[in-house]
Amino acid sequence: MGCCASTQASPPDGDAVFRSEGRAEAAKRSHAFMRDNGWPVENSGACLHRAVAEGRTPVVATLLGEGADASAMDDAGWTVLTSAAFRGHTEVVGLLLEHGAALEAANGRGWTPLLAAAHGGRPDVARLLLDRGAAAEVVGADDSTPLIVAARRGHTTVVRALLEHGAAMEARNQAGMTALIAASLKGRATVVRLLLLQGADALATDDEGQSAWDRASSVRCREALAHTEPLQRWHRRRQLALWAPQREAWEDDGGASLDGASPLAASQHVHWEFDV
């Protein structure tokens, strides 16, 4: 049976094996699992790709511990990290990063692991990658940032994670679309509302001169956009509420800047969490 043949066998008992029986026993069970199911143990690269795709954490740990390349790439140009990120295997992503997996390696579609997490709607993976230093403004084949991708696909939790890590709301893809325009075009009303609450520019237009309102494909998107002004006023009030204590600290410090920015400018980079 080839490495990519399907199997109905149960995987090893996850990280519990490591905790209860130690790494050596976990490795023994992992190898037994691979042999029993026809995985070519001598081909660690192929086995690693399969174990990552299926989220088999103990098998991944065993292979990495024996020297498998954490940045291994398949014939389609997918690294194991990009594969794990797209499928949402957060523990596997963490293991690969601990073993030096390339954080910004792109596949044949131009997807880095973070872009793959945005496409797959994987907020936990996105947060982990961002915490480890992944570039929030990386772009894929059509110049779409992870925020534009997540907004277009309606992955609200990924959008929220990216905003919390300072992703630029006004970045544009090849068509000149911002995340707000892309979300409106696809009828992602919840994302539209979240972006508006965060201060996205509702008047921005794409390369064809079309705004989020012009591109809106659902009534709910237009309803959210129709309330842009009160939403933006609310957002500005929150910014000013933050600015007041920063201004006081700034004045007490003799007018020195806060990390190179004025208090008001610094307050504009704060992202608030909302239930939308």
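Heads up, the Cβ atoms here are built off N, Cα and C, so glycines get one too.
Just so you know, TrEMBL annotations are computer predictions that nobody has curated.
For reference, TrEMBL has these:
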REPEAT    43-75  repeat 'ANK'
REPEAT    76-108  repeat 'ANK'
REPEAT    109-141  repeat 'ANK'
REPEAT    142-174  repeat 'ANK'
REPEAT    175-207  repeat 'ANK'
For the repeat 'ANK' (175-207), what are the DSSP-based totals of helix, strand and coil residues? 16 helix, 1 strand, 16 coil
Any residues 6+ beyond the ends of the repeat 'ANK' (76-108) with a Cβ under 8 Å from its own? 15, 48-49, 52-53, 55, 57, 60-61, 64, 70, 114-117, 119-122, 124-125, 128-129, 132-135, 138, 140
Which residues of the chain, 6 or more past the ends of the repeat 'ANK' (109-141), have a CB below 8 A from one of its CBs? 79, 81-90, 93-94, 97, 103, 147, 149-150, 153, 155, 157-158, 160-162, 164-168, 171, 173
